[in-house]
Amino acid sequence: MLISYLKIAWRNLVKQKVFALVNLLGMSAALCAVLLLSLTAYREWSFDQFHENKNSVYQIVNEKYLNGGDKPTITKSVAEPLAAAVKSEIPGIRHTTFIIAFDLPIRYGNNSYYLNTKLANTDFWEMFSFPMIKGSPKPKNGALNEVVITQKAATKLFGSSDAIGKAIEINIRGRWVPYTVGAIAENVPANSSIRFELVAPLESDPDYADIKGKWDVSTNPLFVQLEPGITRETFEKQLNILREKHYTKQDEFGSAKFRFKSVALKDFKLSEESYFFAGVNKYYPWLMLILSVLIISIACINFVNLSVAKSLGRSAEIGLRKSLGAINSQLFIQFWMESFLLCAIALIIGVMLAIGILPYYNRQFSQQLNWGMLQNIRLVAGIVIVFFLITLLAGGFPAWKIARQHIITVLKGKMTLNKGNHTRNSLIIVQFVVAVLLFSSTAIIWQQLNYIRKKDLGYNINTVISIPLDNATPAIIDKMKQELAQLSEVKDVSAGMNNFGIGTDGSSGNWIVGFSFQDRQVSTKFQKVDYNYARTMGMNFIAGRDFSRAFGTDSSAVLINEAMARQLGVKEPIGTSFEFSDMGQVHVVGVVKDYNFESLRQKIDPLTMAIAKPQDLSYMFASVTTANLSATLDKITKEWKEVNPLSENPPSYLNDNIRRLYEEEGRFSNMLMSGALLAIIITCMGLFAVTVLTIAQRKKEISIRKVLGASVQSVVMLLTKDFLMLVLIAIVIATPFSWYFMHQWLQQFEFHITIRWWIFMVVGFVAVAFAILTVCLQSIHAAMANPVKSLNRE
Amino acid sequence: MIQLQKISKYYPVGLGRNFILKEIDLTINEGEFVSIMGPSGSGKSTLLHIMGLLEEPSDGQYLFEGERVDRMSEKKRTELHRGSIGFVFQAYHLIDELTVYENIETPLLYKNISSSERKSRVADVLDRFNIVAKKDLFPSQLSGGQQQLVGIARAIVSEPRVILADEPTGNLHSDQAKSIMELFKELNEKDKITIVQVTHSDVNATYGNRIIQIRDGHIRS
């Protein structure tokens, strides 16, 4: 029986090539897209799931409201004594560890390598599931100079020889510190957000003494593991009781609204609040899933419409089978089998397509998918189940519709699924709604990204080079400054502790300081910078001057931005003085025009800048005047490598760093754009096939009209009109949805475009153009045909 | 074998009813060869469909071998439909995508007959109708007469007790019609299959041993 079904299904496919092709192409493209998109979403969600303690490990973060703002700011670092306090004062805390992340140069013999290094407490190994290959991560007698390295790092450093006990040196904070290798861990799984090649004891950090026991400096993120049975809510409650006890006097944030929160281990990858947040918006995996559902439903709709329309030609067969004793369920199975066969072929093509474009996909969208993920039985089972559902959806509905047809009407060849035109038209509208929705969203995202690219940020991004200092010593920094001063292209040189955008080192951060001013609590973002900062960056002054050596050390001088000046609320900000953090009494020497020192997602917060000590500087900035930007960059890169051979991250122009800030959006819009394009193509293919069928059905009508004197235009109009109507309805339905979603999306940017009505006009016009092109070709063909031919055949 | 008691078929039209068949009483005995004749629209096809369980009467009782069809369970009716009744159509209604062999095999598939038995039964029928050489051809490669031959072969392969034929020779020219009618006669006489045919042709009607005239939903003779 099954064989007979398959046979007839196959012969039908071969016979109706256009439909088979449309269905097959649409379905395989959709399945390919769905496979890639859902694997991407799956991968994001699978992060950190391998930890045994994934349900009991949390990161402590603190949440505060700056100057009565309504959006909380999260800082991810806490004070060092909090760890001990949490462990001793809150019941039910099993382990705690700090984690500090670095890229540090490691020296073994004459070779040095940069390794992704973490400094952590020994509890780290209890809390997270990183199995050892050899040795124990807990040194006997508590030695502080033993490190754990991964298998990969061991091979990199020592080749095939045994790594255990080998002496290495690590360059921490500009100093070479000796360590021995105590244990070798397995390589970190690809879906771990905590990545390392080497883990050293936190206490071995030379700067550890500076923070030990101090409640007023928060430098490192803290992680805790709760005992079983302790809920996150009780823990957070206890934590905030603890906060009141220890932070009353030394409240570092100057804001009473600060409170502790926790971030669960399973959210480390996708929560913006987590220390390991990788920049992927937590909604994006969902959006990918939604996108794949949309694409597959468009393909399914094609399938349904074509199958129903196609079955008209098989009315005799259906009736006949019924008269031969087939019951509805058998017919249902038969037609479902046909869909299944088609879907199975489409799946095979789709998978092959996916395998083929995977490297391109990974490159284009910075993904790291691999087919090893398919070794996961549950994932494969999921794919199979979803596939069955798709065939049931795509083939089941038409099968059900066909099988239910009354036998007599069918036998008389009068099977009119014309009532089904209603269904068909609704489905076509759904397709176009999806296509228009995706298309207009893409257009708006593209506009916003364009706006971001073009927006004047208030400083010079095109001719300023940022050099990540990694862990260069003050001597090296001085040397580099001198070298740069000698280059004719370099106009000005300065430095700071924060980068602009995201540099080649991939890091960013902020520092918030609160203090009291005229009996008010105010808080400000704080940056330490070097002399000549504002001039090098090309910032404009509202009043006052830049930091300058001409005025002595300027050590008690600060620069503020307009927002800060507004917050202080004094008439003459220049010369205003206040007690500021651990700097003591400071006075304002200059007010710079507001500039976007953070991303355009955020509004411009109050900002205060002070002169940095050399060891606080993390980035050097050089403004250049040159005709050949890339040659100058190469020159400076070479210079830097010579001055600091240990440097890892190359210099880059600020506009590059800024672009990196919005990479995620760029990637997302690319993905959406591809999805939209695919959706439109599949929709149009379906429309094409439906048109072919409709015209075939109306051939006689067209001929009669022509014989009666209808012109070609009027016939084309007749055939096109109905479909155009559908597209127009779809545009009307899709526009408000699209407007709403995109309005929501834009809200994440403090600086954003306004959605203009004409964008929907443009999108609508394009959709109509596509539809007309698809339908017209066929209609014209039909309208031009000789009417006698089709009339004779009747 | 077939007993129709006060069978009516009507469709509601406005407030009244449009009768296609009105209170038909008809008994067809086992082994008969009955021709139903009448003008277009007289209701003869509907009558045939009701006998073949393809359509349900609006009123009246239908007894098949003394058993009331409307009281049968769905399963029993399907059983009866598959096992005891064979259909032959004016337009042959062969499945274009299946070969001659596969077309004939189809009713056996629905009866869940084992593969080896299917093979032998199809082979028997092919042999009997002299169409072995054509078994791998598709319907479009056959002439009308040959197609109808296949249609009849398909109808008898499941060894029905009754064959209901709806103008079986309507699309054929007279030579072909003649051989088809002779085949029917042979099936009736040799195989003892009850045959009910609807026909327009007086000549074809004479092959049967009873003629039923139907007009405006009533039996005239």
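Counting begins at 1 with the first residue displayed.
Backbone N, Cα and C atoms are what each Cβ position is placed from, and that goes for glycine too.
Annotation source TrEMBL lists domain 'MacB-like periplasmic core' at A:21-240, A:447-596. The domain 'ABC3 transporter permease C-terminal' annotation in TrEMBL covers A:290-406, A:675-787. Residues annotated as transmembrane segment in TrEMBL: A:21-42, A:283-304, A:340-361, A:381-403, A:424-446, A:671-696, A:723-742, A:757-777.
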Leading stretch by Cβ pairs under 8 Å, where the reference is the transmembrane segment (A:424-446) and the options are A:283-304, A:340-361, A:381-403, A:671-696, A:723-742: A:723-742
Tertiary contacts of the transmembrane segment (A:723-742) (same chain, 6+ residues out, Cβ under 8 Å): 425, 428-437, 440-441, 444-445, 687, 691, 755, 760, 763-764, 767-768, 771-772, 775
Selection from A:21-42, A:340-361, A:381-403, A:757-777, the stretch that has most Cβ pairs under 8 A to the transmembrane segment (A:283-304): A:21-42
PLDDT averaged over the residues of the domain 'MacB-like periplasmic core' (A:447-596): 84
Positions whose Cβ lies under 8 angstroms from the transmembrane segment (A:340-361), at least six residues beyond its ends: 6, 9-10, 13, 20, 23-24, 27-32, 34-36, 303, 367, 369-371, 387, 390-391, 394-395
Residue counts (helix, strand, coil, in that order) that DSSP gives for the domain 'ABC3 transporter permease C-terminal' (A:675-787): 96 helix, 0 strand, 17 coil
DSSP helix/strand/coil residue counts for the domain 'MacB-like periplasmic core' (A:447-596): 39 helix, 50 strand, 61 coil
Helix, strand and coil counts within the domain 'ABC3 transporter permease C-terminal' (A:290-406) (DSSP): 103 helix, 0 strand, 14 coil
